[in-house]
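These notes concern the structure reproduced below.
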Amino acid sequence: MVLMMDIKIMSAFSILFLSLMVSNEFLEFLANTVYAAILFIIILFFYQNRQHFFTTSSSSKDSLTSTTTTTTTTSITSSLIQQQQEKEQQQQLEQQQQQQSIKLITKEITIENDSEKNTSTTTSIITKEQSPGSVRLIQNYSASQQSELTNTTIKQLQQKNQELQEQINNQIEKSRKDQLKYFNSNNKSQSEIKEQIEKIIKLTEKNDDLLNSIVILNSTIDGNRIKMQEITKDRDSIYSSEQKLLSRLTAFEKKEKEYQDNEKQLQKKLSDQKDQYSTLKKEFDEKVKKSNKLENSIQSLESQIQKLLQKQEKEKQKLEKDKERERSSSFSSDISSSSTTSTTASTFLSSSPSKSIPIPIPIKTSNAISDLKRNNSNDSVNGLIGNGNSSVSPPSSSYLRESSDDSDNQSSSSPSEPKFKSLFNKVKSESSKIVNKAQKGINKHLGSDFFTPANTTTSTTTTTSTTSTSTTTPITSASATAAAISSSSIITSPTTNTTNDILSSSSSSSSSSSSLLTTNAILSPPVGNEQQMEVINDKTEVNQSPVKPLIFFDDLGNDKLLDSTTEEQIQSKMTISPRDKDRILIDKEQSLSDLFINSKENISNISVSNLDNFLKTNNNNNKNNIEESNNNNNNNNNNNNNNNNNNNNNNNNNKNDNKEVNSKLEFSIKDEENKIGLRRAKKKLSPGCSTMMEDVSIAIYPFLKEKKLSNCSNIGLFGVFDGHAGRGAADSASKLFPKEIEKLLESGNYSLTEQDDGGDNNHNQSKLLNDLFSNVDNKMKDHEYEGCTATLALIWSDGEEQQQQQQRYLQVGNVGDSSAFLCRGNESIELTFDHKANDPSEKQRIKDQGIPVSDNQTRINGVAVSRSLGNHFIKEQNIGMISTPHISNRYLLTPQDKFVIIASDGLWDVINGKDAIEKVSSLYDQGATADSMASCLLETAIQSSLCKDNVTVIIVKL
């Protein structure tokens, strides 16, 4: 471990040293230290030999030499000090100057030596002893030659020498200080170097740890990649399921839209039905008022009849009293009188109030109710009267009186009966006529089977009224009088004890179609000592067989006309077909039974099936009428179209003969952000964008008119660009395409005209569009995460514009799913191919490139298209997205070619190309403008619930 640490320290130190050696600052530092060392050596040299250079016995000449040497040393020291602060270039110059100064000094010394040799009278011997670091100059002067001048000069020189020594001492101190600073800085640098070495050691340890962690991270990254692949597979499966759910959702939204449309139609029809109902209600109310008036008149007649019957009964009682008197007077024959009294007692009871016996009331009934129930009891008078617990026996045949028996007594009432009968029959016939008219009117408006004959007998409502009266008071009712009019015999009805027997007897009697009112008057036996009589009027409603109960329209203003059961029944019958040209819409209408549920009366006799059948028959009749009118219109249109086609054929023949085509183009662009659809799709703003409108379009006509290209004119350039992840890429593409195609056409390497040498001009134009798309995509490298689809249409004419005979051509290139269609005659020609990631051919292309693709994959890195401009981040990953366009054939335009539709996928998600061509061609035949045609397609897209994207439409009329 120690060796490893030493090796690491040495390696770190060597690396640091090499790095310092390489740096320019370190080289300058080394140069400065070398110069400082040289200067220090020179100063030490002169300092050690100062006694030899500076002596008092030296001559002036020697002093001059010493001064020169000192000056040279001072200059050298000063120059060296300055050299430490300058750079390498200045140091080289100073070295050259030093060398030159040394040469000059040596020259001066030689010159002085020559002068001394010439001037000296006495010989002076200069000896040089070379010793390490010292030079001795021995001068021998003669004492005789010293003079005062020399002494003065020597003094001056000594002073100068002292000054120079002081300067040298100062410089030496400065150099010492500099050395101290250098020493301190060197120590600091060494300490820093040690710290750096320690840091390097720590960093190496950390580096080892990082290497280990990198290895671990690489292994984790590999695992994460595997997991990522699995997650992508799961994501693709989830996205496929999401697409399925979205398709279902779109289907449901289609159904919802159709349901809403049907609901609007139903509301309109319901409002019409309400208007009809209101008119019918008014008519019905008027007829009800008339019937009420008739009933009032009938009641008044019944009251008059009741009075007449009361008078008749009084007369009958008088006649009976007279007969009793006659019978009592005839006492001659006792046997006959006893038999007659017994029979009269059995037929007519005594009217004395002391006996408390009820008097049977003579009641006229119809022949239809002559068969009454009879109880097996005695025919005695006690059986008729009985007590409260005994049952009353029915009357025998002796109780019945024929009309011939009382012909003399009823002479007063017989003439009045036919009058009332005829009057009542008139009232009945008039009321039946009114009711029948009402039924016919309602059946005329609502259907022939609305009022159906009742299968069962009408239910009778019984009302009981108990009155305690005396036996002498005659008890009758209005209904009894009405029955008496239509009857021809008088019977006495038996009495019962309980109300249940009364109800059972009343319910057993059925009403015939001829009789309107029937009644049974029933007498109750006495209770206690007082005589009480209970009268129950069983009054049957006026109700003929085809008549239903009264219908009340009071709740027509309410919105809630359906209860839950009927609404479920109607919804179960509703079927909504998918979006199709030949779809059958079943209108959901509220039946009349639904309108009558909240009414005040019970309308159980009205069946829902009858009403549904009625509505269906009406709808079928309306549909048949509409179909007949449409067929007539279609026949007329077909005739007009045939005439137009004949004219067009003639014109086409003429145009084909002349080979002339209208060179002017009419076009229109319509676009919409479609915020509702985007909100429906839950889309949000892209980061950095202020709008959600990502569609951009161009329409340039005439294009390059000023350039005057050879053999080419009337060029039109039309394009739609649908951006994703923002509209930046679409904006760039819309600006780059016109510039790039202009460059390519001006280069001379591409041509749009026919070739006479047998070349393939279609291939030439395909090469033009391929290079155009590739150049634009290469200039969109900065759009890494943004992209767009592109659909570009070129329309041009061959030859110059002044030529009369010109042929026009059309060619389209696209990437993505913005489509274009050509309308030729009444047919649609698709000019583009949708490059979607879920397309089988695109999946096969990606597989052929060696890229794995799952069957459920519908997107490439979240993008729905497999070819686009931009998206260079995805393209660099090489996962299947390219920018190679689909190029259509070159189409020679003929007079049958009407227009071209270019639109983004927001339109094609709602309507297919064939339906769009059919929708717009009808407007084209009517002479509509391109603007109105584009507006029509835009509105159909935006109003659909399937539209969840921006919509851009270009119409080019050819």
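Placement of Cβ uses the backbone N, Cα and C atoms for every residue, glycine included.
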Residue from D671, D722, D731 that Swiss-Prot also lists as binding Mn(2+) 2 with D905, D949: D722
Region 'Disordered' range according to Swiss-Prot, out of 71-105, 141-175, 491-525: 491-525
Sorted by sequence, non-D722, D905, D949 residues with Cβ within 8 Å of centre, Mn(2+) 2: D695, T789, D817, S818, S904, G906, D909, N950, V951
Cβ neighbours of D949 (Mn(2+) 2 binding site) where a neighbour is any other Cβ within 10 Å: 23
Chain-internal residues near G723 (Mn(2+) 1 binding site), provided their CB is under 8 angstroms and they sit 6+ positions away: E694, D695, V696, A729, A730, D731, E786, G787, C788
For D905 (Mn(2+) 2 binding site), the three-state class that DSSP assigns: helix
Least buried by Cβ count (within 10 Å) of the binding-site residues D722, D905: D905
DSSP-derived class (H/G/I helix, E/B strand, else coil) of D949 (Mn(2+) 2 binding site): coil
For the compositional bias 'Basic and acidic residues' (312-328), residues assigned helix / strand / coil by DSSP: 17 helix, 0 strand, 0 coil
